[in-house]
Amino acid sequence: QNNAKVAVLGASGGIGQPLSLLLKNSPLVSKLSLYDIAHTPGVAADLSHIETRASVKGFLGPEQLPECLKGCDVVVIPAGVPRKPGMTRDDLFNTNASIVATLTSACAKHCPEAMICIISNPVNSTIPITSEVFKKHGVYNPKRIFGVTTLDIVRANTFVAELKGLDPAQVSVPVIGGHAGKTIIPLISQCTPKVDFPQDQLQKLTGRIQEAGTEVVQAKAGAGSATLSMAYAGARFVFSLVDAMNGKEGVVECAFVQSQETESPYFSTPLLLGKNGIEKNLGIGKITPFEEKMVAEAMSELKASIKKGEEFAKNFK
């Protein structure tokens with residue numbers, strides 16, 4: 001069954017290149033379609049020499065986009081501009097909103113059945129944009145549109161493991177909410193294995209998970225944002241999704257999706273993935289008063305970001 005055709009839109013960028021490398025390296029992928037507005041033929045030529053079976057093809061510029069998307073099972077979109085020091089994810093809105101609307105419009109036309117995985121920030125707004133674009137084209141299926149928040153989970157797992165002296169590969173922390181600042185809500189109380197922190201340490205840890213992206217932006221000092229860890233997280237999500245599409249049982253990942261779990265129309269929670277995308281939303285589960293407070297405090301920002309995305313999509317030509 002391992003015959004997934006995967007497209008990466010924004011394949012020449014800081015996330016796109018390492019993400020394409022990880023996808024090329026996977027036995028789950030049989031065809032890799034790489035799209036960007038510059039350098040894709042070079043990236044594709046380079047990757048095509050790797051001794052794995054995925055065939056790689058590069059596509060350049062809007063006129064080649066339809067061909068890139070034809071027959072794709074999964075489309076991953078890391079296209080857009082990265083954050084610079086002092087910028088919030090929301091500061092990227094104007095540039096990235098147009099890019100995502102344009103690319104998802106092409107997806108709606110040329111591969112309406114594909115699973116769409118959005119990495120481009122601000123995810124809290126780019127997912128509502130994607131949904132509205134698909135609605136406009138009459139091909140909206142909320143079970144197939146995902147905001148990739150996996151990096152928040154990866155970071156939570158890593159930071160908890162560091163503090164507790166555990167193997168990070170064995171740690172699993174669900175992270176719910178959205179994908180910016182205080183909308184990122186790590187459920188440390190649901191961590192497996194079970195871990196306990198005194199309240200002051202818990203607060204510090206939670207803050208670090210929420211601001212981990214900024215940690216990287218500052219460390220790179222103007223040279224970009226999280227690209228390598230994001231590529232790893234994006235690939236992890238795609239592999240889980242393809243496994244589930246291939247019939248593997250019990251695959252669970254968190255993602256920012258259309259949701260009835262809270263008063264926010266989109267919300268990230270653990271999702272059971274299956275052949276058709278979201279099989280079942282597993283919801284928030286039992287959480288502590290500290291976590292409940294974070295959910296309540298995230299609501300107004302989440303709703304505002306979602307509304308901003310929806311408004312943009314309505315006016316996008």
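Every residue gets a Cβ built from N, Cα and C, even glycine.
Under the heading domain 'Lactate/malate dehydrogenase N-terminal', TrEMBL lists 5-147.
The NAD(+) binding site feature in TrEMBL is assigned to Gly10, Ala11, Ser12, Gly13, Gly14, Ile15, Gly16, Asp36, Asn96, Ile119, Ser120, Asn121, Met230. When Cβ atoms from all protein chains are considered, those within 10 Å of Met230 (NAD(+) binding site) total 24, not counting its own.
Using a 10 Å radius centred on the Cβ of Arg83 (substrate binding site) and all shown protein chains, the other Cβ atoms total 20. Look at TrEMBL and you will find Arg83, Arg89, Asn121, Arg155 tagged as substrate binding site.
Per TrEMBL, domain 'Lactate/malate dehydrogenase C-terminal' is recorded for 149-312. Across the domain 'Lactate/malate dehydrogenase C-terminal' (149-312), mean pLDDT in this model comes to 98.
Annotation for His179 (active site, proton acceptor): spatial neighbours Arg89, Asn121, Pro122, Val123, Asn124, Gly147, Thr149, Asp152, Phe256, Ser268, criterion Cβ-Cβ under 8 Å with sequence separation of six or more. The active site, proton acceptor feature in TrEMBL is assigned to His179.
Across the fold, the C-alpha of Gly16 (NAD(+) binding site) and the C-alpha of Arg155 (substrate binding site) stand 20 Å from each other. Met230 (NAD(+) binding site) sits 10 Å from Arg155 (substrate binding site), taking the C-alpha atoms as the reference points. For the domain 'Lactate/malate dehydrogenase N-terminal' (5-147), DSSP puts the residue distribution at 65 helix, 30 strand, 48 coil.
Gly14 (NAD(+) binding site) has a Cβ environment of 20 other Cβ atoms inside 10 Å.
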